[in-house]
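*Asks:* This structure is in structure tokens; I'll ask about it shortly.
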Amino acid sequence: MAGGRRGLVAPQNTFLENIVRRSNDTNFVLGNAQIVDWPIVYSNDGFCKLSGYHRAEVMQKSSTCSFMYGELTDKETTEKVRQTFENYEMNSFEVLMYKKNRMPVWFFVKIAPIRNEQDKVVLFLCTFSDITAFKQPIEDESSKGWGKFARLTRALTSSRGVLQQLAPAVHKGESVHKHSRLAEVLQLGSDILPQYKQETPKTPPHIILHYCLFKTTWDWVILILTFYTAIMVPYNVSFKTKQNNVTWLVVDSIVDVIFLVDIVLNFHTTFVGPAGEVISDPKLIRMNYVKTWFVIDLLSCLPYDVINAFENVDEGISSLFSSLKVVRLLRLGRVARKLDHYIEYGAAVLVLLVCVFGLAAHWLACIWYSIGDYEVIDEETNSVRMDSWLYLLGETVGRPYRLNSSGRWEGGPSKDSVYITSLYFTMTSLTSIGFGNIAPNTDGEKIFAVAMMMIGSLLYATIFGNVTTIFQQMYANTNRYHEMLNSVRDFLKLYQVPKGLSERVMDYIVSTWSMTRGIDTDKVLQICPKDMRADICVHLNRKVFKEHPAFRLASDGCLRALAMEFQTIHSAPGDLIYHAGESVDSLCFVVSGSLEVIQDDEVVAILGKGDVFGDVFWKEMTLAQSCANVRALTYCDLHVIKRDELQKVLEFYSNFANHFARNLVLTYNLRKRIVFRKIVDVKREEE
């Protein structure tokens with residue numbers, strides 16, 4: 001199902017993901033532009049590694065990084081940095097700062113304001129590049145008395161790899177365009193820095209959404225033309241109809257062109273990925289199409305009819321080219337899968353199966369006629385076989401075979417009558433009815449009739465006898481999914497839930513289904529024995545255990561006990577994980593996605609992959625109240641463990657408890673309320 005036919009298309013704030021994805025090896029922090037001293041709300045791993053501080057240690061400190069200033073930091077430069085923040089400007093500076101171990105380092109700092117949809121500056125993006133190797137050796141107490149060469153060697157060795165990591169650190173001049181300066185900050189090329197706002201996923205202008213009205217209509221046209229090809233190709237091959245009729249030649253040529261256009265469109269059409277996300281990257285779309293249906297589609301759109309129309313083409317080659325068009329029948333499988341997404345009812349599959357049964361009867365009718373046409377006239381004796389079904393049909397309809405003046409046989413029933421009779425015979429045979437008025441007489445006809453009866457019994461049993469079984473086996477999850485959606489829709493309609501909340505509920509259900517595939521994890525785990533269940537839980541929570549140093553010294557038994565208490569929560573954009581004033585009874589680990597922490601209508605922190613929020617239960621005796629709201633910006637996966645369960649494990653594994661308490665650092669503690677003053681309030685007081 002993977003999120004339904006549309007995929008996961010709810011509006012979400014992907015600002016953090018875009019910054020992290022596009023920044024490559026850039027070291028950066030994000031600061032709130034609406035709070036006094038512009039506190040840091042996010043810092044990436046590169047900045048933490050460069051500065052030596054843990055992410056939790058720099059959160060809520062000033063974005064000017066004044067906590068990294070020291071004796072040799074230039075006062076005039078720091079004042080310019082502060083003026084840049086106060087005036088919401090864009091600028092860059094060379095500043096001498098100190099790491100956590102008080103080692104001095106020269107940084108090339110770039111500051112850029114981030115705006116929201118109201119064009120209001122809400123964040124500051126500050127990037128840091130180590131340029132110590134390009135500056136004069138730093139004179140500090142530890143290097144006093146050293147020679148100039150020794151100090152230079154120390155500076156270079158302390159900035160190993162700086163040449164590879166350093167972005168262009170030279171000023172481009174003040175005449176550079178605004179967006180170019182922004183692009184330079186994150187090495188985005190010609191892209192514009194993303195805004196901090198919630199927006200619907202966008203596609204490039206030349207990419208077509210797979211669920212739009214145009215693509216849906218186009219797929220129906222392709223389906224109809226595929227059935228047209230499946231009917232006409234066997235008929236033309238069996239009845240040896242050369243397309244001398246200009247009208248039919250034009251029609252078939254138009255069909256070929258449409259299939260060629262379909263190939264071009266497929267190179268520019270989004271598709272739903274394995275996790276339910278809509279893939280709109282042109283490169284990924286092209287790779288996916290080339291690996292799947294491109295070769296088959298290319299063979300199916302070659303102009304076989306145009307080649308077949310030439311008079312000087314050998315009859316055998318002509319039939320070969322015409323029969324090759326049957327490759328298009330493989331497209332039925334793809335269109336059939338799309339039908340399930342479009343209509344989402346079992347009737348569509350039933351209609352498809354009936355159509356397949358009719359096509360099988362049509363193909364067998366063409367073969368039945370080919371056998372009769374081959375056997376009715378004996379070329380060696382130049383005589384007519386009177387036991388052939390074609391000869392008997394000609395006598396019945398009053399159009400018998402006769403010799404012409406040149407000694408060749410002519411006449412016989414018309415092609416329309418022959419086709420209708422052939423289809424009638426194959427239908428009665430496939431359905432095991434068989435009235436007997438059309439019967440096989442020659443050996444070839446009897447062999448074919450036996451094979452057809454075997455095929456017919458299989459088709460009849462499969463399509464008509466086991467339709468219920470097919471639906472139960474193939475569409476059990478789909479039916480359960482739609483039953484759940486219908487129940488939720490009825491509930492929302494019965495209790496008149498507001499439209500906005502209804503959309504959030506539906507999006508949560510669709511996104512959760514796409515991630516879990518409708519599988520009840522708890523039910524599956526209950527089937528397994530305790531030891532196996534613990535191993536599965538450790539595997540499901542492996543990302544949390546690997547990323548956080550607090551779990552590194554935990555024994556296997558301790559990890560298994562912890563893993564069995566963890567729960568996975570899937571959150572949709574806009575979902576509130578915690579409300580202000582709500583009891584903080586869980587410790588949350590962010591596995592994917594991003595969230596924002598809001599206190600007094602201001603974003604005080606942005607949490608991403610690897611962050612931890614909640615409360616320090618192992619240090620506090622009372623249950624805390626959340627001082628802020630935690631809201632999902634994107635689709636998020638959170639691994640959550642309850643307070644009581646965590647404390648039980650820590651009490652039992654006392655050695656691990658001490659290590660856990662020392663090494664687990666909360667990125668944001670919801671118990672602590674941050675005291676800040678808004679810039680707007682300060683200006684109002686001054687006025």
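Any Cβ shown, glycine's included, is placed from N, Cα and C.
Okay, so TrEMBL annotates it like this:
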DOMAIN    12-92  domain 'PAS'
DOMAIN    91-143  domain 'PAC'
DOMAIN    563-650  domain 'Cyclic nucleotide-binding'
TRANSMEM  218-237  transmembrane segment
TRANSMEM  347-371  transmembrane segment
TRANSMEM  417-435  transmembrane segment
TRANSMEM  447-471  transmembrane segment
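For each feature listed, report its degree of burial, its nearest neighbours and the pertinent distances within the displayed model.
*Replies:* Residue counts for the domain 'PAC' (91-143) under DSSP (helix as H, G, I; strand as E, B; rest coil) come to 6 helix, 30 strand, 17 coil.
The domain 'Cyclic nucleotide-binding' (563-650): residue composition by secondary structure is 9 helix, 44 strand, 35 coil, according to DSSP.
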*Asks:* Give the mean pLDDT for the domain 'PAS' (12-92) on the 0 to 100 scale.
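*Replies:* Averaged over the domain 'PAS' (12-92), the predicted model reaches a pLDDT of 87.
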*Asks:* Which sequence-distant residues neighbour the transmembrane segment (417-435)? Criterion: at least 6 residues beyond either end, Cβ under 8 Å.
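*Replies:* Same-chain residues near the transmembrane segment (417-435) but 6 or more away: 235, 239, 357, 360-362, 364-366, 368-369, 372, 389-390, 393, 397, 449, 452-453, 455-457, 459-460.
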